[in-house]
Amino acid sequence: MTRKRFLCPSVCRSRAARTGESKRRRLHSHDRRRCAITPDFDEDGRMAHIANPRPNPLECAEASQKVIMAPSRSDTTGAHRCLEDAAPVGELLVPRSSADLHESQRGQPSGATDSQASTLETESAPPSADSSSSAKLQRDDEFLAKYRVIGTLPAGSFGKILVCALRASVGEAEASRVPRSERRVAKRVRATSRLAIYLENEILALQYMNHENILKVEEVLRSEAYTYMITRKYDYDLYSFMYDGDLQWKDRPLLWQTRAIMKQLLCAVEYMHDKLLMHRDIKLENVFLNGDGTIVLGDLGTAMTFEKPRVARDYGWVGTVTTNSPEMLAGDGYCEITDLWSCGLIMLDMLSKDLLPLNGNTKKPGKQLRRIIRSLSVCDEEFPDPPCKLFDYIDSAEYTHTPMSVPPLIRRMGLPADFEYPLVKMLTFDWHRRPGASELLALPLFSSTITEERLFVWGLKSGAAHFSSWKPACRIESDTAALSLTMSDDDE
């Protein structure tokens, strides 16, 4: 029989104190490890990478009073500001303090209308000291006076998503009767929130660019409480088109649809890189599309400037773990070529018969990186040359796979050569060997003379449910030769 050991109360209290202190130390250590790979914020709302602190040039007085974009690579006429006057390379495009930015813009004319504002049924009133000032704040909100909220969408990474329409266009019609062409999406964040930094960054990046495959900002409205970015509403994003809520296949794009989507996506990425901007968070959820086959790239809250192409720098970890490139997951320096890895994952998800083949469903970069190495059978000779942190994961390398060959995961998909080659190139493990967007667009799959008008029938009924309703204007001879297209009889 085991004898129980009794301790006096003072000993129990001392032991409990030591146990609590040990737990606090472990939690503190865990927080330090977490902050080493994720962005954190200080009391002023500035984002700081704990693992690699460095001075922020945007804290100078001149930079905090003006918002400047980086020049285009092709600009040699001096039409744009030089890099010395632009936002410092490797920093967000806006001043870090959203409160300072809002204060500098408060004196600008807002152009508010005098029409009666209504309350927001789906949202609570902004917090305030007393209810009368809160009600006045809502009545004075220009967005609520100009737009009518008819619904909400799942919240994004950096704000609340509202579905709205102009009051002057739809009046008080039922939400279900509002035409799709009149619907807009408003991304809303609190003006004093740390998330306002990312929204202001996205607004600047989108307003700086003008491309048919990049989301366009229709209007920006600011009140004392919120900042709104209004854009066109698209039918769905690529993720909601492909998968349902239970992560089951809903529609898998056909080969010719995949080609059209990827060509437009690469055109958008090429344009961004020509403007010396990298996205850093390209994924299925950030590619928006309509039933007519047009796609746009959005959600540029993490976009960042760079000075020279293919020059890796330590910009810090950002984005989504499951779609980050190997160099970013390892904590190495990276460049704009990291966006091409994300494009390759999108193409892999569209062509694969498996659900998200490289999605490890993890938030740990190291675990996701080892999953990539195993899934793509990365050989030790395919690792970048040291010194680099990525070389520390060479113990997970595949030693039986032929270096620089097609990974078995992709080979088993049985794709046509025109599809397999660009997919393998985009998913090249070593970013030094990974091609840029311009090189990929020069490949036969995307450089074909087939026009987009020949791939789609325009003028589809508004609100087409899925891409399966698209009708190619030319027929494909076989699935293994997706690019050998012939004219339909009614087109001759």
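Just so it is clear, glycine is given a Cβ too, placed from its N, Cα and C backbone atoms.
These figures come from a predicted structure and were not determined experimentally.
Per Swiss-Prot, these features apply:
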REGION    99-137  region 'Disordered'
DOMAIN    147-446  domain 'Protein kinase'
BINDING   LEU153, PRO154, ALA155, GLY156, SER157, PHE158, GLY159, LYS160, ILE161, LYS187  ATP binding site
ACT_SITE  ASP281  active site, proton acceptor
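Structural mapping of features recorded in Swiss-Prot.
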residue: LEU153; record: ATP binding site; DSSP class: strand
residue: GLY159; record: ATP binding site; DSSP class: strand
residue: ASP281; record: active site, proton acceptor; DSSP class: coil
Cβ neighbour count within 10 Å of the residue listed as 'active site, proton acceptor': 20
Distance from the residue listed as 'active site, proton acceptor' back to LEU153 (ATP binding site), taken between C-alpha atoms, in Å: 20
Among LEU153, ALA155, ILE161 [binding-site residues], residue with fewest other Cβ within 10 Å: ALA155
Model confidence over the domain 'Protein kinase' (147-446), averaged pLDDT: 91
ASP281 (active site, proton acceptor) and ILE161 (ATP binding site), Cα-Cα, nearest whole angstrom: 18
Under 8 Å by Cβ from GLY159 (ATP binding site), counting only residues of that chain that are 6 or more apart: LYS187, ARG188, VAL189, LEU195, TYR198, LEU199
Whole-number Å value for how far the residue listed as 'active site, proton acceptor' lies from ALA155 (ATP binding site) (Cα to Cα): 16
